[in-house]
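Reviewing the structure listed below.
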Amino acid sequence: MSFERNALILAGSAIGAGFAMIAGIGPGIGQGLAAGKGAEAVSYNQKNSKKSTLVMLLGSAVAETSGILALVVALILLFMNPLIGVEGTGLVLAASAIGAGLSMIAGIGAGIGQGYAASKGTEAVGKRPKLQPAIVRTMFLGQAVAQTTGIYALIVALVLMFINPFV
């Protein structure tokens, strides 16, 4: 049985796009953790609820990064597929598309980690609102470090899609 080369690449791209979106699990969990701590912080310190809510929203926005990166990879595979015009074996290119999507699953850890940092930052501001600037700064630094695996995954996906070493 043989398959048309472009059909094989498009099928691999569709599968890869689906796999990439699995990364959305991480930000969903992470943002849920932050929202829960936001509600908790407001419950014991209503007077400073705006500060806690701000930290929760900022931290949750950062936690969404790995989900956005995964969406970008999925959209590239679906609508701007760079693998179609590449010379090479259809099976290798299809596997590269699937691999690009699979690599983005690493964003689960980054999203959960960043959300956890946001949740603890929100909790801390609820308890000690006067320390908000220092808490937010520390939270952002921790989130930046947690994001590195998501960025590594994006680099692998981009290499597989645009400068594939296997063809």
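From the backbone N, Cα and C atoms, a Cβ is placed for every residue, glycine too.
Listed in TrEMBL for this protein:
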- 15-77: domain 'V-ATPase proteolipid subunit C-like' (DOMAIN)
- 98-160: domain 'V-ATPase proteolipid subunit C-like' (DOMAIN)
- 6-33: transmembrane segment (TRANSMEM)
- 54-79: transmembrane segment (TRANSMEM)
- 91-118: transmembrane segment (TRANSMEM)
- 139-163: transmembrane segment (TRANSMEM)
Under a Cβ pair cut-off of under 8 Å, which of the recorded stretches 6-33, 54-79, 91-118 contacts the transmembrane segment (139-163) most often?
91-118
Counting only residues 6+ away from its ends, which parts of the chain sit with a Cβ under 8 Å from the transmembrane segment (54-79)?
13-14, 16-18, 20-24, 26-28, 30-31, 34-35, 37-38, 41, 97, 100-101, 104, 106-108, 110-111, 114-115, 117-119, 121-122, 125, 132, 135-136, 139-140, 143, 147, 150-151, 153-154, 157-158, 161
Predicted model, mean pLDDT over the domain 'V-ATPase proteolipid subunit C-like' (98-160):
98
Close approaches to the transmembrane segment (6-33) from elsewhere in its chain (Cβ under 8 angstroms; 6 or more beyond its ends):
60, 63-67, 69-71, 73-75, 77-78, 81, 83-84, 90-91, 93-102, 104-116, 118-119, 150, 153, 157
Over the span of the domain 'V-ATPase proteolipid subunit C-like' (15-77), count residues by DSSP class, listing helix, strand and coil in order.
61 helix, 0 strand, 2 coil
With DSSP helix as H/G/I and strand as E/B, how many residues of the domain 'V-ATPase proteolipid subunit C-like' (98-160) fall in helix, strand and coil?
61 helix, 0 strand, 2 coil
